[in-house]
Amino acid sequence: MIALAWHTARARKASLAGSFIALALGVALLSAMALTIASTAGSPDAPRWYPNADVVVAGAQTIRVVTGSGDDRETSTTTTGEPAALPAGLSDRLSTLDGVRQVVDYAGYAQAPGAPGDTAHPWSSAALHGYAWQAGGPPTDPGQVVLSAPTAHRPGDMVAVQTVLGTRELTVSGVLRTDAPAALYVTDPLAAQLAGGRIRAVALLREPGTGTTVATIAKRARAITGTQARVLTGDRRAEAEPDPDRDLFAVAASLLGTTSGLAGFVSVFVVAGTFAYAVAARRREFGLLRTAGATPRQVRRLVLSEAMVVGVLAGVAGDALGTVLAPPFAHWLARSGFAPRDFTAHVIFWPLAAAFGVGLLVALAGAALAARRAGRVRPAEALREAAIDRHAMTLSRALVGLAALGGSVPMMVVLTHTRSADGAALILVVAMLLIVGLAMFAPLLIPPLIWLFTAPLSGAPGATAMLARRNAIAGVRRTAATAAPILVTVGIAGSSLAGFATLAGTQSDAAHSRITASAVVLPAGGQDGLSDATVAAVRAVPGVTAAVPALDTSVYLRDSDEAEDYDARYLPGPELAGVLDLPVSAGNLADLTGTDTVAVPAGKGRLGQTVALWLDDSVRVRLRVVAVLANQIDLADTVLLPWALRDGHTARPLADTVYLGLSGTADRAAVARAAATGGGALLSTADYLSTVDDEQNSVNNAAMTAVLGLALIYTIISIANTLVMATGERGRELAALRLAGATPRQVRRMIGLESVLVAAIGILLGGVVTAVTLLGMHRGLAPVAPAVQVAIPWRTVGAIAGVCLLVAVLASLIPAAVALRRPAVDSAAVRQ
């Protein structure tokens with residue numbers, strides 16, 4: 001049967017080409033996504049800052065939640081944003097190890113204009129990695145600094161270094177070249193001062209000639225540290241180094257998860273539909289086979305064998321194309337800021353094998369249901385000349401459609417009860433279920449829609465409109481198959497773009513309504529933040545009634561069997577009233593003081609209750625709830641922490657935003673000068689909100705491009721592919737029209753009108769998906785937002801719909817024009 005399938009596949013190259021293209025491109029899309037995701041994970045990098053250290057002792061940076069007991073015991077591990085500080089006195093205890101020399105490494109914030117790096121380390125830490133002098137020498141007093149190349153500064157230059165203690169004027173004593181991350185090197189006492197005494201790590205080096213092994217040192221160090229710190233050797237020493245790429249890889253993995261889910265959906269949807277239609281279009285051929293004595297089982301085996309042949313060939317081609325697409329897509333992610341700068345996709349076997357396997361299974365599944373129907377074709381079917389689709393609405397379509405629409409109902413309920421931005425993840429799920437449901441019931445929906453669309457043409461002269469209407473209804477299976485990729489394109493694009501725009505606009509408006517400050521100070525020139533000294537200098541300017549610093553961070557609350565992360569902000573509670581209007585349902589934000597209080601989102605604690613949570617340095621704290629935030633979309637996942645708690649739990653106790661209250665007599669120029677001295681920039685509240693919106697819109701647009709880009713390109717190509725297939729199968733029908741007296745122009749007009757009808761049906765159903773999704777979002781957002789801003793990007797959605805229409809018309813007219821160039825008698829005699 002495989003041999004027969006191979007010969008029939010070769011004999012029907014044109015009709016099977018569409019199935020091949022759909023599957024090859026689908027596998028290419030899947031393999032590209034799979035390769036990119038697989039490339040985000042890899043073996044640990046070798047240490048760059050600590051390569052010369054034998055053992056590195058660093059603070060904990062993970063949260064472990066243990067559930068169950070005995071055989072049911074499970075541990076969930078979450079990595080936090082930064083490590084905890086090493087306990088006081090630990091370095092002294094480690095210094096007692098025999099045959100070991102230690103280097104205590106501090107890492108305080110420090111940035112100098114015109115020099116790379118944003119961390120000040122003790123000069124002694126330079127011995128932990130290789131370096132070479134470009135000019136000058138080491139710092140010999142607290143007023144000197146060594147810079148990393150490349151820099152235009154030379155020994156003797158004075159540089160204004162921004163630190164957590166304010167601006168420091170330091171003299172450049174030297175410039176060095178190193179493969180380690182760029183940094184500023186100062187004297188050991190100054191490094192400890194700039195870090196607030198917070199030790200990042202203790203590096204242990206074997207003394208020459210002692211013969212002590214690394215394993216022995218690590219064992220002795222663990223005996224001293226216990227569970228208070230991590231003892232790292234080998235490549236794990238890199239875990240003690242700041243890893244800016246880790247968060248980016250997490251962002252990339254999250255984004256790629258959504259992208260891959262959508263890619264998988266459209267691939268399965270299009271491939272299954274294409275194979276099912278390709279088989280259904282050959283019912284006359286199968287009727288002839290039955291007339292010649294083929295059994296239903298043999299017909300089914302033939303169909304599945306053909307699907308196997310096409311699936312294998314298309315899978316190999318798709319994997320090859322996927323390896324070509326993955327690296328450019330990975331580079332685009334890097335350029336857009338969703339992945340590290342040097343991120344690329346590698347050729348890895350298992351993602352290619354998985355994409356190949358999924359593609360083959362989908363092809364066989366798509367052909368299986370059609371093969372079952374093909375096996376039941378009666379011999380008399382071969383003699384039926386009228387290509388009328390009877391029983392197009394099969395039981396299997398009805399069951400799948402009901403399941404999809406039924407599944408969308410609870411998901412819609414969840415969406416309407418969503419009280420935060422988490423609802424964004426449900427938009428695509430709801431849209432996918434609605435698309436499947438409408439596509440399955442398309443044979444029932446198409447006839448009335450066609451009558452609706454062609455009603456205005458009922459009085460038009462000629463038979464073109466009537467023929468187009470009759471053909472579209474008679475070939476309802478073909479119409480449904482060709483409208484399906486348009487439905488998925490417009491439905492996914494419309495619901496996603498409008499849904500995310502509505503969510504982002506509603507969140508933005510809610511956040512804007514909270515800010516009552518007269519102006520805002522932000523870090524300028526690429527600085528990480530603003531020091532307390534800068535905040536104090538701005539506050540001291542006459543006319544400044546309030547200068548309220550804020551610092552974004554994360555906290556972790558236990559949720560069942562894992563630690564769930566929440567957005568958090570350090571804020572001075574008593575000063576908030578003049579610059580921020582944060583609604584609370586219980587308590588008072590003015591009580592957010594000291595180091596043992598907290599304001600929690602609704603449902604995460606009661607007023608006066610003591611809640612346990614982990615800060616972003618993995619330290620577990622118990623805080624008293626002094627306020628419960630109102631159940632609002634911009635506050636649903638936000639925890640507020642007292643400003644004083646910041647100092648002991650972050651290596652960079654800075655402010656990333658300072659909200660200002662200004663009286664009518666305030667000199668804004670003086671405020672701007674005070675901010676600029678500490679590396680800040682003064683913005684009006686309107687300019688600040690505009691800047692935030694622009695940045696957020698840029699990120700959202702890039703994210704939507706990543707999620708939708710390749711999937712929509714694939715579905716648009718599928719529109720052309722399916723319509724070329726459908727038109728190519730109609731050679732005899734078009735020839736019969738010409739033999740009946742129709743001119744080539746009339747036939748082209750009929751085909752063009754049919755393609756417009758198909759596109760209109762797909763666009764309308766896609767609009768229904770978008771409307772239903774937006775309705776669910778509106779109902780969900782209304783109770784938790786000051787106002788719901790339904791935002792539909794009409795130009796973008798309209799452009800996508802227009803492209804679908806244009807592609808549909810061209811993909812129908814071009815093959816029809818080619819077919820019409822042949823003599824009608826020859827075309828009518830062509831074997832189908």
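Glycine is no exception: its Cβ is also placed from the backbone N, Cα and C atoms.
Keep in mind that TrEMBL annotations are predicted by a computer and have not been checked by a curator.
Going by TrEMBL, these are the annotated features:
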REGION    67-88  region 'Disordered'
DOMAIN    260-376  domain 'ABC3 transporter permease C-terminal'
TRANSMEM  262-281  transmembrane segment
TRANSMEM  302-327  transmembrane segment
TRANSMEM  347-371  transmembrane segment
TRANSMEM  421-442  transmembrane segment
TRANSMEM  448-468  transmembrane segment
TRANSMEM  480-504  transmembrane segment
TRANSMEM  702-724  transmembrane segment
DOMAIN    707-822  domain 'ABC3 transporter permease C-terminal'
TRANSMEM  755-777  transmembrane segment
TRANSMEM  797-820  transmembrane segment
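Residues 57-61, 198-202, 228-230, 240, 242, 246-247, 553-554, 556, 560-563, 565, 614-619, 648, 650-651 of the same chain sit 6 or more residues outside the region 'Disordered' (67-88) yet have a Cβ under 8 Å from a Cβ within it.
Within its own chain, the transmembrane segment (347-371) is flanked in space by residues 19, 23, 26-27, 30-31, 34-35, 37-39, 264, 267-268, 271-280, 299-300, 303-304, 306-308, 310-312, 314-316, 318-319, 322-323, 396, which lie at least six positions past its ends and keep a Cβ under 8 Å from the stretch. The average per-residue pLDDT of the prediction over the domain 'ABC3 transporter permease C-terminal' (707-822) is 84, rounded to a whole number. Below 8 A, the CB atoms of the transmembrane segment (797-820) and the transmembrane segment (262-281) form no more than two pairs separated by six or more positions in the chain, fewer than 3 in all.
The transmembrane segment (755-777) shares more Cβ pairs under 8 Å with 480-504 than with any other stretch in the list 302-327, 480-504, 702-724. Helix, strand and coil content of the domain 'ABC3 transporter permease C-terminal' (260-376), in residues and according to DSSP, is 97 helix, 0 strand, 20 coil. Across the region 'Disordered' (67-88), the DSSP tally of helix, strand and coil residues reads 3 helix, 7 strand, 12 coil.
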